[in-house]
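To start, the structure under review is shown below, and the notes come after it.
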Amino acid sequence: KTGLPLWLLGLGVDRLRADMSRLLALLFHQGVLDEQFLQLQQLQDESCPNFVSKVVNIYFHESEKLLRNLRGLLSDGEFSDYKKMGIHLNQFMGSSSSIGAKRVRNVCVAFRAASEQNNRAGCLRALELLEHEYCYLKNKLHEFFQIEQQRVLAAGVRYRIQN
Amino acid sequence: MTVTHKSGTVVRGDTFGFGQMFPEGLRVLVVDDDNTCLKLLEALLRKCKYHVTLTNQAVEALRMLRDPNHVFDLILSDVHMPDMDGFKLLEIVGLEMDLPVIMMSGNSDTKMVMKGITHGACDYLVKPIRREELQNIWQHVIRRKSEKQSRKVNTEMAGQGTQESSQARGDDDRNVACNRKRKEQNNEEEDDGDDNMQETEDTATQKRPRVVWSPELHRKFVTAVNQLGIDRAVPKKILDLMDVEEITRENVASHLQKYRLYLKRISLQQTNSQAILAGAPGMIQDNSHIRLGPMDGFGDFGFAGSRSLLNTDPSLLSFAPSGMLGRLNSTANLCFSGLTPGMVQRNHAQNKSSIHLPSVLPAGQDVGILQGVPTALEPQRLPQNTGIAKPGEFNLLGEQRFFTDNLPNSRVSIGSLSNTTESQQQRQENQSSCNMASLNPDPFLIGVNNSNTSDAGRINENWDRTGVLSNFPLNSSSLDLPFNHSQLPPKIPNFPFDLSSGSGLSAPVENSRGNMQLQSGLIGNMLQNTSYVPKQEEHNQDYAENSHAIFSDRSSLVSGSSSIDPFGQSFKQMDPMHGQGMDISLIGQLNGGGVSLGQQSEEDKPVVSTQVPSKGDYFLNQMMADGGFVASDAGSLEDLITDFQRFRGAVRNWRWYCFGILGGVRNC
């Protein structure tokens, strides 16, 4: 019970869709996402209705693990295992590029370069940046999915009303 | 972990046992420790109508492969896995099951690609993997099956089956190597004129069936050659040493000729890589470090030979000058005696006039390009080699090797090369796309160039802009201005960076200098200079109001809770936490503002009198406006780091904000 009459809810569909498009356009413009994300969307259809959000949620789950690991490695004063960091980074890069998270991936590239040079300070900076970029991406994608949910809901309402 | 197994019901029909609907129903096993990619690949492969089985553990994959109940046609395996190295899995599969394996990785490093190919992978895909790439993977299955068939036919004819150019090498575990050999064969045939095939045909006018050079046979051959010494290896003696019945002296002779050509090609590569690294003619004298030793140890060349060839590449890349010149001389003469005419012939024949240094990239994988290299480079290099005649060619290959090594983009071309049949065209394209990167030997830049060429394009843009930006007078005086404004606005709800309370302004001001410098370095990479200057005065004001406007806008659209409001909530909570010191990651805070800024640049909202840390705004602007943050050059990495250090502490509540976000994120 949202307090709105059902028929009004249904009318929000177009506006919500417009919101989603605008948000996506913004993210593309900012370089946060790239066309790989579109590929993800194309894979979503009736047989996999929530594909994008499923994949993205898996990505979030894995990424946070990776970020924690990276943070843990770098917090250690005795840290010297750049190789391990490289492994984590490789995975992060692979999954980020598969999602279309361009900026996150770019930071990973810089991070990896710093780790290959055994540059601890650089790694720290890069990690901070990475966390930031990841946070931003996550928030934006959460927002995106929320609008999507509402749109689906509203579309369902509209359909029911029309019939 | 999750192992979804789909049992396939494939209608047995024609084409190697596949149904009419082939390649639909292809049974693919995917092994990847990254669950994101696993899920994505599942969807992609399903879209291609393949039967997909997933696992994120290599041991589980092996178990399934060894299980007779499970039949697979093709395996996609990631390279970096925690429980087992992808290459190891690759080898095991090749030995035990002889199925085509395609490697995948987020890393497009040439060395890794090389390793994959030498270990017998059919192909090497770089993530993100596109649908088009997956739609073609079935060809590897067909190719392997057809090779198996013809090999079977060959053995059935008592080792004297028909020798087709592609199956001649009889090693069906080395698909790519076979393809390469085929291309090489074709090239040699076209260009040399002294075609081995022809020779055999000429001598075998009696229509003697062709001999299949299996790895064991070749190994014996090489042992014999090494025993005799490459100089004195004559077919008759080799034949005696080998003590194999089914081959004739003519077979050995033709094989020996191919082997010699192959060795020569290897040394060419060495010279090229070394010369390129040298970058100057003078360095050619340092050929000495090129160890030609590995060439003696080539167990198999050609077919499986590409494997050993490539295996030795790491050694080729040891650019430590040493006094091995004499050794080089001897081995050079050893290998090259009598081969010049052939090579020169080939070079001329292969006259690719368009070749220039950077374009010889995807060389390691394609013999055709290797051969083409000497054409362009030889004339320049040779004259400078007074002492050693042949090493001129060494230089060429050295360059080549250098580029292949340093240009990860080449792997992209390799993958696509093996996937499709367009050879020249694609090489040219890839070469040109690599040109940009090849001009810059900087490792960091090249690392960055790992990303798609669009990023590389941006790198160039950013280089230009860096010049602009560094000229920008970012002195603290201009920064102080906004801070000293008495019109520091009252707190704006939802606005994260609100320093309006006035506390600690001095600190940010102090750091602003550093901040601007940070930005000049940092932002040099992400800059949109046009918007930069005007924003300096206005940004403060635009920022908060826009963010506010956006937030309220959104909340009106989305009834109930949206992610922005809780966002805003956390912002408010951050406010009391002034004075905590800043952390650059706090640009997290910029998230909220970022939205507005981005939109601002698009929509030109009116200026608002709101205070915002100017640096934060700049930073935001740059980051939001231009996206890709890290496309930078090595020089700026150092700047980046120093700037980061200065940037710290500039905006205090950023850190808290980010922690808040992270805490929220971690709790999700």
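Think of each number as a place in line: the chain as shown, counted from 1.
Every residue, even glycine, has its Cβ placed from backbone N, Cα and C.
All annotation found in TrEMBL is predicted automatically rather than curated by experts.
For reference, TrEMBL has these:
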COMPBIAS  B:187-202  compositional bias 'Acidic residues'
COMPBIAS  B:418-433  compositional bias 'Low complexity'
DOMAIN    B:27-142  domain 'Response regulatory'
DOMAIN    B:205-264  domain 'HTH myb-type'
MOD_RES   B:Asp78  4-aspartylphosphate
REGION    B:145-211  region 'Disordered'
REGION    B:413-435  region 'Disordered'
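The Cβ of B:Asp78 (4-aspartylphosphate) lies under 8 Å from the Cβ of B:Val31, B:Asp32, B:Asp33, B:Asp34, B:Cys37, B:Gly86, B:Met103, B:Met104, B:Ser105, each on the same chain and at least six residues away in sequence. Per-residue confidence over the domain 'Response regulatory' (B:27-142) averages out at a pLDDT of 90. Here the domain 'Response regulatory' (B:27-142) has, by DSSP, the following mix of helix, strand and coil residues: 53 helix, 24 strand, 39 coil. The residues of the domain 'HTH myb-type' (B:205-264), classed with DSSP into helix (H, G, I), strand (E, B) and coil, number 38 helix, 0 strand, 22 coil.
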